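Visitor: OK, Swiss-Prot features for this one:
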- H186: active site, proton donor/acceptor (ACT_SITE)
- S316: active site (ACT_SITE)
- 96-98, 127-130, 137-139, T185, S317, 322-324: substrate binding site (BINDING)
- E329: site 'Important for catalytic activity' (SITE)
Amino acid sequence: MSRTETDSIGPIEVPEDAYWGAQTQRSLINFAIGDQRMPLAVLHALTLIKKAAARVNDRNGDLPADIARLIEQAADEVLDGQHDAQFPLVVWQTGSGTQSNMNVNEVIAGRANELAGQGRGGKSPVHPNDHVNRSQSSNDCFPTAMHIATAQAVKEQLLPAIAELSSGLAEQAARHMKLVKTGRTHMMDATPITFGQELSGFVAQLDYAEKAIRAALPAVYELAQGGTAVGTGLNAPKGFAEAIAAELAALSGLPFVTAPNKFAALAGHEPLAALSGALKTLAGTLMKIANDLRLLGSGPRAGLAEVRLPANEPGSSIMPGKVNPTQCEALSMLACQVMGNDVTIGFAASQGHLQLNVYKPVIIHNVLQSIRLLADGCSNFNEHCVAGMEPDAEKMAEHLERGLMLVTALNPHIGYDKSAHIAKKAYTEGLTLREAALALGYLTDEEFDAWVRPDKMLEAGSNG
């Protein structure tokens with residue numbers, strides 16, 4: 001069953017149970033591309049804008065109070081998730097996001113008209129353009145929704161997940177701060193380090209990435225709303241930009257403000273490009289952590305085997321008993337995806353031709369995907385890998401004892417050249433450092449014991 005809806009192009013049949021109208025239906029027909037739906041976070045952000053605009057327009061006397069109440073009631077239902085199925089449009093549509101903006105306008109109007117007893121859909125008493133979209137344009141609504149959805153995702157999903165992983169690693173670092181092991185540079189044996197020190201480096205890297213993300217947020221809090229079509233504010237009343245930013249801040253609990261220059265806010269997306277760069281930084285940190293832990297966990301008998309990673313599932317369909325570092329692999333894969341997303345975001349953000357960037361949907365699709373992947377990845381990795389990993393102290397001690405770079409402790413006492421001679425002799429002849437040093441006559445047994453002490457090689461000033 002269907003009903004007839006109309007727009008400036010003419011009549012079109014719309015499913016009878018749909019709240020949307022003609023423009024949404026045309027988009028469904030004309031853009032049957034892929035299956036990547038416009039993120040619900042964007043659609044809910046657009047809905048929040050409609051609610052805020054109705055309040056501001058009501059206060060300004062630009063919207064009848066009864067119409068404003070109907071819009072707000074319908075918007076609240078959308079924000080509650082009651083009508084998520086009414087947003088079927090894909091990312092691959094007009095680059096301004098106009099069709100998704102109209103999808104929201106039509107759904108809110110269609111539900112508001114039903115609440116008013118006029119049946120589902122239609123344009124009376126609530127009109128999708130004249131009332132729901134009053135004082136707005138898709139060109140300022142959509143970039144505003146992009147910023148709202150992004151800020152909410154970062155604050156509600158990503159930052160708590162980073163804190164969770166950082167806390168998990170910090171707990172492991174504190175627990176193993178005195179467990180001495182071989183350090184490695186260039187993938188080769190180096191001077192000693194503790195497992196706790198190694199993990200503390202991960203925590204510091206996460207802290208840096210988190211600070212970069214937080215530093216990008218103030219620009220994301222700046223909203224394009226009020227710029228309307230080209231940034232001039234045509235058809236928006238004086239003071240509307242400031243008023244709706246304040247209303248959105250109150251409704252969301254986030255410190256949104258009006259963008260100081262609406263022309264840049266419509267034509268450029270530097271704030272989201274900058275945030276994406278920070279997300280890429282976090283992805284790089286997670287890649288390093290995942291790679292290091294799977295290297296340390298390699299084995300169990302023919303690898304480093306210094307860390308036992310939790311066994312989440314059987315690892316092979318052909319090799320019985322094999323267990324793989326799957327959490328590390330998943331984390332590193334999503335990091336690759338985020339890095340790829342950043343390339344797309346950076347290119348799309350550069351396409352602000354004249355007064356409007358028309359790559360907005362692909363930008364926000366990738367930004368929100370990156371945030372979601374990073375948030376889920378941090379939480380999942382902490383729960384299923386970091387929390388259950390355990391160091392193999394015996395294996396660490398074995399590698400430390402066999403390591404040749406302990407010879408570095410002799411540099412201040414016998415000099416670099418003699419120390420290098422000891423290391424080379426030990427390596428080529430299969431000797432221990434002690435055996436090589438004594439054979440060369442460079443020091444006594446007692447001096448070796450006094451000077452080569454791994455637990456004293458862990459901080460500045462050691463063996464000076």
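Glycine is treated like the rest: Cβ placed from N, Cα and C.
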Visitor: Under a three-state reading of DSSP, tell me whether T98 (substrate binding site) is helix, strand or coil.
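Guide: In three-state terms, T98 (substrate binding site) counts as helix.
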Visitor: Taking DSSP as the reference, which of helix, strand or coil describes H186 (active site, proton donor/acceptor)?
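Guide: Coil, per DSSP.
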Visitor: Could you give the Cα-Cα distance between N324 (substrate binding site) and H186 (active site, proton donor/acceptor), in whole Å?
Guide: 24
Visitor: Reported as an integer number of Å, what is the Cα distance between E329 (site 'Important for catalytic activity') and S96 (substrate binding site)?
Guide: 37
Visitor: Helix, strand or coil by DSSP: which one applies to N324 (substrate binding site)?
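Guide: DSSP call for N324 (substrate binding site): coil, neither helix nor strand.
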Visitor: Using a 10 Å cut-off on Cβ-Cβ distances across all protein chains shown, tell me which of the binding-site residues (S138, N324) has the largest neighbour count.
Guide: S138
Visitor: For the recorded positions listed here (H186, K322), tell me which residue's CB has the most neighbouring CB atoms inside 10 Å.
Guide: K322
Visitor: On a count of neighbouring CB atoms within 10 A, which of the binding-site residues T98, D130 is highest?
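Guide: Answer by Cβ density within 10 Å: T98.
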Visitor: Across all the protein chains here, work out how many other Cβ atoms are within 10 Å of the Cβ of P128 (substrate binding site).
Guide: 29
